[in-house]
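Here the structure is laid out as C-alpha cells; the discussion comes afterwards.
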Amino acid sequence: MCESSVDYCECNPCFNGGSCQSGVEPYYCHCPFGVFGKHCELNSYGFEELSYMEFPSLDPNNNYIYVKFATIKSHALLLYNYDNQTGDRAEFLALEIAEERLRFSYNLGSGTYKLTTMKKVSDGHFHSGFLMLTEPRVNVPPLGPQAASLTVDSCPENQEPGYCTVSNVAVSDDWTLDVQPNRVTVGGIRSLEPVLRRRGHVESHDFVGCIMEFAVNGRPLEPSQALAAQGILDMCPRLEGACTRSPCQHGGTCTDHWSWQQCHCKEGLTGKYCEKSITPDTALSLEGQGRLDYHMSQNEKREYLLRQSIRGATSEPFGVNSLEVKFRTRSENGVLIHIQESSNYTTVKIKNGKVHFTSDAGIAGKVERNIPEVYVADGHWHAVLIGKNGTATVLSIDRIYNRDIVHPTQDFGGLEVLTISLGGIPPNQAHRDAQTGFDGCIASVLYGGQSLPFSGRHSLASISKTDPSVKTGCRGPNICASNPCWGDLLCVNQWHAYKCVPPGDCASRPCQNGGSCEPGLHSGFACSCPESHTGRTCETVVACLGVLCPQGRVCKAGSPGGHVCVPSQGPEELSLPLWAVPAIVGSCATVLALLVLSLILCNQCRGKKAAGPKEAKKPKEKKKKGSENVAFDDPDHLPPFADDLTEMLLQASDTDAARLARTLLSGSLLEVSSTEQAARLAQHLQRWDAEPCLFALQVCDADTAEAKCRSA
C-alpha cells in the first residue's frame, strides 16, 4: 500500500495575508499582527484618535468584563460607565490604562476604589485583561469571597502579588451599580465634558490601538451592534516597524502614532523623512484661487483640559505663542494667512505691497496694524511673525521691522482655534468680504516652533487643499535662459524678473550641480541650489547630510530621497570616461600647435625687422591704464606683432589660430591698421565664437566700435 503526502498549504487556506506552514496538525496559519482565527479569518478592530463605541448600561449586580487589546499609549480609556451624579457618591465603573498599567476603578456610592496591576501593557503587543465586580457572597477559589478583582495576562503562580492580579473586598451596604440609563462607552468617549465634571474618575479620554476581543458577561461588543460609534476601523492599522529603523534623516526625531509615524525635522529641513532642504522646490505655490487649510486637532485640546483637571492650576498653559510664515510674492494684495475660531479671528494680508494685520478678539474689539517701512511684493523672501507676550502682541517682518500691539488680540495659539488657512479666508465667515487670494509662494510655516507640512499628516492638524492650483514648487520660469543681459553682465533670476549685474565672484562659476550664482554686493557670492543639493556651492547631496559612510566609501545620491555608500576612488583607481580621452589628447595637441605657431610667427617678424628698417610709422595713441612702469618701456622687449601677424591670422581658419587671436586680443598685443581690417577680423572671430563687439571695443576707433556694438 502506497503512502502519499498531502500538501495542505497548496490550496492556500490562510486569509488576510496569513502564511501557511504544512506538516503541523496538518497545517498551521501564521497570522499578521491583529489577525486571528485558525485560518486568519478574523480581524481585530482599529481605534483612532477621538474614537468610541456606545452600548447599553452595565448590569447593576454582576459584571464580568474581558478585553484583549494592543496599544502604545501610556494613558487610554477602554471602558467607562457613569451615573448622573457628579459628587463623591457618584457611581461609575471604568477600565483604563494609567501610566502603562491596567487600572480598574469603581464607586458603588460609598467611595472610589482603584485596582492597578504592576505589569506594563503599553508595549504594542496584545494583552488580555479580565475584571470582575460582584457581591462579596460569591466565592472565587482560592481567594475567597471577592467584591472586585483585576487580572492581566497569564502569570505563573509564583509571580509576586499585584504584578498580574489584584483584588479587594469592599465594605458597602449597597452592592449595586446604578448607572442607568447612561450608556457604557468603549475605546474612548464622545465628549470630554462628562469626564471633566467627574474629576477623579478617569485619567484618559480615548484609546488608540487595536481590540481583538471585548465581552461583557459573555456577550461580545461588536461595532456593528453599537448604539453609536466613531473612528472605528474594521482592521488593525498598526504600522509595522514604526520608528524602529530610524527612518528620519539628518537628525530628525521620530514619533510613533500607532498607524503612522511622524518625523520632526531640524530647522531648514522638510519632507516625510526630513530628506529635503527647504528650497523653492519644496515651497507651496498659490495662484490666488485656492487655499491650504490646517484643521486643528481636538485631541491636543482634550489632552490639555484633562491634564488641567487632574493637576489643577499648576499645569502649563496651552497652545503656542508664535506663528511665523516665510513667503514671497509680486502681487500687492492678497490674504497670506487666516486663523479662525468660532467667531474670533486673525488675518495677515498684503495690502498695497505692505503687511497688514487684523485681529478680532470678540468683546475686546478689533485691532488693525501695518508695517509701512518695508515693501514685501518685491519677489524676495520675507518672514512675517506674530507673537504673544502675555496680553501683548508683536508683529514683525524679517525680525527687523517690529510693531508692538498692546490692544487685546485673538489668541491665535489657543484652545478655540479651529483652522489656520494659507492663501485665503474660508467661506461662510461673517467678516469675509471680497478678499483677494494670495498669489505667491510660502516656504515654511512655524507654529510654536513646529513646522507644519504642506501635505501628509501631522499630530497638530489635518491638511486639506481647496483647489488643484495649490501645489508644491516655486522655481518660476527660467527667465535668464534667453541671455537677456548685454555683454559680460550676469543674469540673475529674481523669480518672474531678472537683473543684470557684473559677474564678480560668480565669474569662476562656483555653483555646482545646476546651482545658479548671484554675486555679492561688494564681494563673495550666493548659490541657489536645486532640491537635491545644498551647501555653499551646492556641493553636498541633501540625502547625504549627516551620513557617515564606512572607511573607504563615500556617500552618493541613491533612489529618490535616499543615499548609497559607494567605494571611494583612490589615486590608483582614478578612471576617466571614454569621451574624456580624445578631449585631453586634443587639448594637448592644441597647446603644442599654439607654441609652434607662435615661434614661427615670431621668427618671421624678427627676420623682416632685421632685413631693413621700415619707414617710421606713427603709432596710434592708446589710453593708458594704471600707473606708468618704465621697466616695460625698453623697445627691445616690445612684442614683434603687427600688421603681418594680423593678416596671417585672417588667412588662418583652424581653431588653434582662433585661440591664439583671442589670447593676443585679451592682452592688447594685436593691432589693427584699418577699419576694414577690423571688420574682417571681427567677422572672422565671430565664426570662432568670439564677440565682435568686445573685439571692436579693444582694437577699433570709437566710431567703428559704436557701430559694431550696435549691429551686434
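Placed from the backbone N, Cα and C atoms, the Cβ positions cover glycine too.
The domain 'EGF-like' annotation in TrEMBL covers 5-41, 239-275, 502-539. Per TrEMBL, the feature disulfide bond maps to Cys31-Cys40, Cys265-Cys274, Cys529-Cys538. Marked as domain 'Laminin G' by TrEMBL: 42-236, 294-474. According to TrEMBL, the feature transmembrane segment maps to 576-601. Per TrEMBL, the feature region 'Disordered' maps to 610-633.
Residues near Cys538 (disulfide bond) in space but far in sequence (CB under 8 A, at least 6 apart, same chain), listed by position: Cys511, Gln512, Asn513, Gly514, Gly515, Cys527, Cys529, Pro530. Distance from the CA of Cys31 (disulfide bond) to the CA of Cys265 (disulfide bond) is 35 Å. Sorting each residue of the domain 'EGF-like' (5-41) by its DSSP state yields 0 helix, 10 strand, 27 coil. By the count of Cβ pairs under 8 Å, the stretch nearest in packing to the domain 'Laminin G' (294-474) among 42-236, 239-275, 502-539 is 42-236.
Here the disulfide-bonded residues are Cys40, Cys274, Cys529; the one with the fewest Cβ atoms within 10 Å of its Cβ is Cys40. Outside the domain 'EGF-like' (502-539) by six or more residues, the chain places 276-277, 279-282, 480, 488-490, 492-493, 545, 557 with a CB less than 8 A from a CB of the stretch. Sorting the domain 'EGF-like' (502-539) by DSSP state (H, G, I as helix; E, B as strand; all else coil) yields 5 helix, 10 strand, 23 coil.
Across the range of the domain 'EGF-like' (239-275), the DSSP-based residue counts are 0 helix, 10 strand, 27 coil. Here Cys40 (disulfide bond) is positioned 37 angstrom away from Cys274 (disulfide bond), judged by their C-alpha atoms. Listed in sequence order, Cys14, Asn16, Gly18, Gly37, Cys40 are the same-chain residues six or more apart from Cys31 (disulfide bond) with CB atoms under 8 A from its CB.
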